[in-house]
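Since the structure comes first, as structure tokens, the remarks are kept for the end.
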Amino acid sequence: MIIDRVQVEAINSFSNLELLKEVYGLIWILPILTLLLGITIEVLVIVWLEREISASIQQRIGPEYAGPLGLLQAIADGTKLLFKEDILPSRGDIPLFSIGPSIAVISILLSFLVIPLGYRFVLADLSIGVFLWIAISSIAPIGLLMAGYSSNNKYSFLGGLRAAAQSISYEIPLTFCVLAISLLSNSLSTVDIVEAQSKYGFFGWNLWRQPIGFLVFLISSLAECERLPFDLPEAEEELVAGYQTEYSGIKYGLFYLVSYLNLLVSSLFVTVLYLGGWNLSIPYISFFGFFQMNKMVGILEMTMSIFITLTKAYLFLFISITIRWTLPRMRMDQLLNLGWKFLLPISLGNLLLTTSFQLVSL
């Protein structure tokens, strides 16, 4: 069989095209891998900070043997859970039991798609960014309910029911607060919301324009994270460990990861929606604006904006960790009353007030 020169060139061009597609695929996945690496490091830092802050509040030393200042303690705990035996309940629903933790983790990780960590540093700048986050985060309680139901354990099932009830109770006030912010910014895009706060610097933050909404969003975020005083789905004194009771090994580690990922996502959204995101508090002044724009200056500006965003997020993290180790747990009826009888009317009134001001200003 004789192949002429034209056919050989066609075959070579086709192979080159396939190679370019593979290279493009690798380049496209690099930002996702970078984000996953950053998320992993952030979770390890949050775990270390919580242990140090809780030790300081309780006048203890905290972790000190695993690495300098106990920095490697979280890695040691994760490695231990990785090699633990994965025990399955004999009378449980094994497929649902295995899928539950994965659904919770994936739903939280997808929320990072629309979070602008810095200037021009967001995976997906969508026109419905904040609503996509609310929709995705609503899937996580389904995984927790599946975990509780499939364990065939009364404590686990009650914990799953509590998680679902708590999520529904506080998702609605949180959504109303996000709607009020969207009205002020005339957009549902997270990037547009941050840029709308940059005009007047520190005084342009939505924290000052929406103080009531900020407080409601703060409380609702803590409840969504199931942190003390809102950790009723896994109350040790009542439910052993709630929906996590029958889990061990890596699956238990996934639930541990979900709680800190949820806390990180909530902190970043507090920063994006109310604290100006990556913007500094000085209006109209950018240090890098004095230099001619090039690649190096662009990288420095992006790095600086990521640093500013994370610094603001750590403020909320510090508040939530301090609250966890200082306030007692609420009862279930108190938690539901707070969500339905107080936060829901307040958030609805705040939304109506914001809508009225926007209509008057037209």
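Keep in mind that glycine also has a Cβ here, set from the backbone N, Cα and C atoms.
Under 8 Å from some Cβ of the transmembrane segment (27-47) lie the Cβ atoms of residues 73-75, 77, 109, 112, 117, 123, 257, 260-261, 263-264, 310, 317, all in the same chain and six or more residues away from its ends. According to Swiss-Prot, the feature transmembrane segment maps to 27-47 (among others), an assignment based on sequence analysis.
Long-range neighbours of the transmembrane segment (94-114) within the same chain, counting only residues 6 or more positions beyond its ends whose Cβ lies under 8 Å from a Cβ of the stretch, are 35-36, 39, 88, 122-126, 129-130, 132-133, 136-137, 139-140, 142-144, 146-147, 149-151, 190, 243, 246-247, 251, 254-255, 257-258, 261-262, 265. Per Swiss-Prot, the feature transmembrane segment maps to 94-114 (among others); the stated evidence is sequence analysis.
Among the features that Swiss-Prot reports, transmembrane segment is placed at 128-148 (among others). When Cβ-Cβ distances below 8 Å are used as the criterion, the transmembrane segment (128-148) is approached by residues 96-97, 99-104, 107-108, 110-111, 113-115, 156-161, 163-164, 166-168, 171, 174-175, 178, 181-182, 188-191, 193, 224, 233, 242-244, 247, 255, 258, 262, 265, 269, 273 of the same chain, each at least six residues removed from its ends.
Nonlocal intrachain contacts for the transmembrane segment (164-184), taken as residues 6+ away from its ends with a CB within less than 8 angstroms of a stretch CB, comprise 130-131, 134, 137-138, 140-142, 144-145, 193, 196, 206, 209-210, 213-214, 216-217, 219-221, 223-224, 226, 230, 232-233, 273-274, 335-336, 339-340, 343-344, 346-348, 350-351, 354-355, 358. Look at Swiss-Prot and you will find 164-184 (among others) tagged as transmembrane segment, backed by sequence analysis.
Sequence annotations record features per position, and here Swiss-Prot assigns transmembrane segment to 202-222 (among others).
As annotated by Swiss-Prot, transmembrane segment applies to 247-267 (among others).
When Cβ-Cβ distances below 8 Å are used as the criterion, the transmembrane segment (303-323) is approached by residues 42, 46, 49-50, 53-54, 57, 116-119, 121, 218, 221-222, 225, 227-229, 263-264, 266-268, 270-272, 275-280, 287-288 of the same chain, each at least six residues removed from its ends. Residues or ranges marked as transmembrane segment by Swiss-Prot on the basis of sequence analysis: 303-323 (among others).
Same-chain residues lying 6 or more positions outside the transmembrane segment (335-355) and placing a CB less than 8 Å from one of its CB atoms are 165-166, 169-170, 172-174, 176-177, 179-180, 183-184, 210, 212-213, 216, 219-220, 223, 230, 232. Per Swiss-Prot, the feature transmembrane segment maps to 335-355 (among others); the stated evidence is sequence analysis.
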Positions whose Cβ lies under 8 angstroms from the transmembrane segment (247-267), at least six residues beyond its ends: 39, 42-43, 46-47, 78, 81-82, 84-87, 98, 101-102, 104-105, 108-109, 111-112, 115, 133, 137, 140, 147, 151, 221-222, 224-227, 313-314, 316-317, 320
